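These features come from Swiss-Prot:
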BINDING   HIS373, HIS446  heme b 1 binding site
BINDING   HIS414, HIS482  heme b 2 binding site
DOMAIN    13-179  domain 'Reelin'
DOMAIN    216-331  domain 'DOMON'
DOMAIN    335-534  domain 'Cytochrome b561'
CARBOHYD  ASN85  N-linked glycosylation site
CARBOHYD  ASN308  N-linked glycosylation site
CARBOHYD  ASN321  N-linked glycosylation site
CARBOHYD  ASN353  N-linked glycosylation site
TRANSMEM  2-22  transmembrane segment
TRANSMEM  372-392  transmembrane segment
TRANSMEM  415-435  transmembrane segment
TRANSMEM  446-466  transmembrane segment
TRANSMEM  477-499  transmembrane segment
TRANSMEM  515-535  transmembrane segment
TRANSMEM  569-589  transmembrane segment
Amino acid sequence: MAAPQITLSVLVIALLTCSVTAYPNGKVPMSCGGMIPQHNHSPQSEPIHQITVSQTTFKPGDQIEVTLSGPPFRGFLLEARDAENLSGPPIGSFTLIDSEESQLLTCTDVQGLAVSHTRSSKKTEIKVYWDAPSPAPDHIRFLATVVQKFKIYWVKIPSPVISQPNAPPFTTPKATTQPLTTPPSVSHLTKPFSAFECGNKKFCVRSPLNCDPEKEPACVFLSFTRDNQSVMVEMSGPSDGYVSFAFSHDQWMGDDDAYLCIREDQTVDIQPSYLTGRSYPVMDSRGTLEDMAWRLADGVIQCSFRRNITLPEAKNRFVLNESYYIFFAEGPSHDGRIFRHSQQPLITYEKYNVTDTPKSVGGSRSSPLLKAHGALMFVAWMTTVSIGVLVARFFRSVWSKAFFLREAAWFQVHRMLMVATSLLTCVAFVLPFVYRGGWSWRAGYHPYLGCTVMTLAVLQPLLATFRPPLHDPRRQVFNWTHWSVGTAARIIAVAAMFLGMDLPGLNLPSPQKTYAMMGFVVWHIGTEVILEIHAYRLSRKVEILDNDRIQILQSLTVAEAEGHVFKKVVLAVYICGNVIFLSIFLSAINHI
């Protein structure tokens, strides 16, 4: 596996839509030769559509009406070939009858050699004219590829042969007959899987650890039970599209032996596949699987199958008596076509041999580096910076006469917390680059906001080292600059945290993460508002009487004492609440 595991991205990122070659607009000139859609599925064997022609003989220059018809289909590709050399290039050109549903294609730099659809709407009939070239082969056969769904299509459906008047009789080439293969049977599961024998007879991968799919629909469950020279596999997970797992030599995606259970309407298609990097999985024959069964209930997809431990004839199937990392992913699908999953796959912490001693293991959906990045940023921008700001803004008078290392205590506390914030940010900033090996292009605005926060976090302590003396005229400018940079950093950091929680590399539980972050913001703003109101009311208690220009301060000492106690209580309560919110996020990170 050569490509780094996506953080967002995937086991079966394999399941990336961006890599799927599907053309709803019908512009498929690259398919002119083989006429095979690049859908990574096997074509159907028995055609249910037909091609008819308006005449069975032709001369060069004739225009023949060709009709493709049958049950509703969404896409098609129509060509004329030399009937005695169907693998040869397209012959002649086409003229459109309905330009809303069909269009001419350019093949081998010649316009009009083929016709395809213009849109993916359902259609039951397409009519075009074929213009016979001069010179022309003695016999012509039309071929059509028809797409009903993404994974249901027919390739090179033949038409009756049309011939020139004086041509020798057409002889159908002898076809090499192949024995018909009966597709493997698929049954319906009557009850959900159970985790009862996990660790005894079954090797199980579960998330949350020790969950039971029989009792918990949200349980991600994968089990392997050895039976002589085969392994029975059970897979279950909440999804409306597909669930999948893969065996991998490392924790990066690519070159993996994967298996998908894809929902199609009210059935499930069980499909072995092979992952090559971040591209769409290459679907393989189901002939390697036996005893296939599936079940749909309560938003959960469950499927099972049996596979031999060794498959010498199957190129991309791994032997199962070796150790691998195990991936589990789920995501959306439509008409049998799978799409990129929104969160990282579950990946076991180490390699396991599923045919060895039965165990019950778990995994993680996030890299330890990304977990550390998120945890450090939460500590820095939820806790240390927030407490540091409150101390500097509201507690100067409380600890103005207390000193620590020859500086006011409030200032030393503020400075230590802010230095801690900058150091935590610097360490956390590096971790995603180490994990990704560079810039993360799929992370949206989060990395840009993160770079901005990093810049401000470094700039802020540098500005503080040039702080002018207390009575210096430049002190006012410094104060405003210092406040502006700090406030901007905090606002951008909160925005970055909101976005980062949704990235595939972390993807904390929804909607709890949003409520928790909103709760933290309200908690902090509410605390600042309370302290501001208190400061205003305290100033109102100090009555200034102007009598012969002599100021008399009434009860100043008592008011200040009362104010200091109140502020300390508010700070203690705030820190407790802050730590609770921080613990919620750190716990969520630990459990993904």
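Here, residue 1 is simply the first one shown, and the rest follow in order.
Cβ from N, Cα, C; glycine included.
Overlay of Swiss-Prot feature records on the structure.
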| residue | record | DSSP class |
| --- | --- | --- |
| ASN85 | N-linked glycosylation site | strand |
| ASN308 | N-linked glycosylation site | strand |
| ASN321 | N-linked glycosylation site | coil |
| ASN353 | N-linked glycosylation site | coil |
| HIS373 | heme b 1 binding site | helix |
| HIS414 | heme b 2 binding site | helix |
| HIS446 | heme b 1 binding site | helix |
| HIS482 | heme b 2 binding site | helix |
C-alpha spacing of HIS482 (heme b 2 binding site) relative to HIS373 (heme b 1 binding site), in angstrom: 26
Spatial neighbours of the transmembrane segment (415-435) far in sequence, C-beta under 8 Å, 6+ residues away: 4, 7, 367, 369-370, 372-374, 376-377, 379-381, 384-385, 387-388, 391, 407, 447, 450, 453-454, 457-458, 460-461, 464, 505
Spatial neighbour of ASN321 (N-linked glycosylation site) that is closest, considering only the glycosylation sites ASN85, ASN308, ASN353 and their CA atoms: ASN353
Protein Cβ atoms within 10 Å of HIS414 (heme b 2 binding site), excluding its own: 22
Most crowded position, judged by CB atoms within 10 A, among ASN85, ASN308, ASN321, ASN353 as glycosylation sites: ASN308
DSSP helix/strand/coil residue counts for the domain 'DOMON' (216-331): 3 helix, 70 strand, 43 coil
Nonlocal neighbours by CB distance (under 8 Å) for HIS446 (heme b 1 binding site), same chain, sequence gap 6 or more: ALA496, LEU499, GLY500, LEU503
Nonlocal neighbours by CB distance (under 8 Å) for HIS482 (heme b 2 binding site), same chain, sequence gap 6 or more: GLN460, LEU463, ALA464, ARG467
Inter-residue Cα distance where the pair is ASN85 (N-linked glycosylation site) and ASN353 (N-linked glycosylation site), in Å: 51
Rounded distance in angstrom between the Cα atoms of HIS414 (heme b 2 binding site) and ASN308 (N-linked glycosylation site): 65
